[in-house]
Amino acid sequence: MGCVQSSGIDEEAKARNDEIENQLKRDRMMAKNEIKMLLLGAGESGKSTVLKQMKLIHHGGYNDQERESYKEIIFSNTIQSMRAILEAMPQLDLTLSPQNDARRAAILNLPLQLEVDVLPRDVAEAVRSLWKDPGVKEAVRRSREFQLNDSAVYYFNAIDRMSAPNYMPTDQDILRSRVKTTGITETTFKVGELTYKLFDVGGQRSERKKWIHCFENVTALVFLVSLSEYDQMLYEDESVNRMQEALTLFDSICNSRWFVKTSIILFLNKIDLFAEKLPRSPLGKPSPLFSSPTMVVDVFYIRFLSDAYRFNTLSHAAGY
């Protein structure tokens, strides 16, 4: 009877062992088909926008409920941008037309976050009229001298559509929206048999030290650089050029002991905004290092290659 009991225990142990082995095999197979990519870059480099684009391409886009949720963000971005312009104008020695003084006061009295489903008619009218003001136009032309969202002109030009009672944010409206990333955001999607996991982390200086050591085992790093920020300064430190900050961060990533064996992809982003800005803000003014369009690309690519050689990662490196 003891032998029968021992045999039963052995069979139970073998079954548990087989179950564990099978689970380990499944885990290894899943890990083999899983690509983990960490999106890195200074603040405003476009990391969150890349995740939105992945959702549009691989997740079927945004449903009506999700689009509705972006209204407050879009309305708030629009008001925040106009407020930034109005607050910067005195420092730029610019003035409004007298008939817009009341509209200026109306915008400055609004909360930073608009919690509304429909943009109020008087707010839309204030934005519309202010956007036609020569002083506001000149401030936008000189936007490198203060902090202004990339999306400002886009939303100002769309104010009639955005203030319609039946307004529903378009894909482009959503892509242009801006919410500061804090913490870690994960997006997962499948392409064929492969599962991609993209991690977006806060790009501002205060956020970086919180996450750098957490992603040692990612498949690849995607480092984003916003080309359109060649003439802008940091939000956190207005004495530091954003492009120089991106170079500094890129160097620190390549030199990090956590990513010595990790593949690195350099992604030069916002080329459309870069092209729009060039006529009104020539390269070379804020930094002689970036004195031509091709030099902006070359500086990052040369730095990228030199770091790749130094850490023997050239065979895994790519630039876009």
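Quick reminder: no glycine exception, Cβ is built from N, Cα and C everywhere.
Heads up, TrEMBL stuff is auto-annotated, nobody curated it.
Feature annotation from TrEMBL assigns GTP binding site to 44-49, 150-151, 175-181, 200-204, 269-272. Within the same chain, residues at least 6 positions away in sequence whose Cβ sits under 8 Å from that of Asp200 (GTP binding site) are Leu39, Lys47, Ser48, Val50, Leu51, Thr181, Ile184, Thr185, Glu186, Thr187.
The feature Mg(2+) binding site is assigned by TrEMBL to Ser48, Thr181. In the three-state DSSP classification, Ser48 (Mg(2+) binding site) falls within a helix.
Put plainly, the binding-site residues Lys47, Arg176, Lys270 were compared by Cβ crowding within 10 Å, and the winner is Lys47. Its own atom aside, the Cβ of Thr181 (Mg(2+) binding site) has 18 Cβ atoms within 10 angstroms in the protein chains shown.
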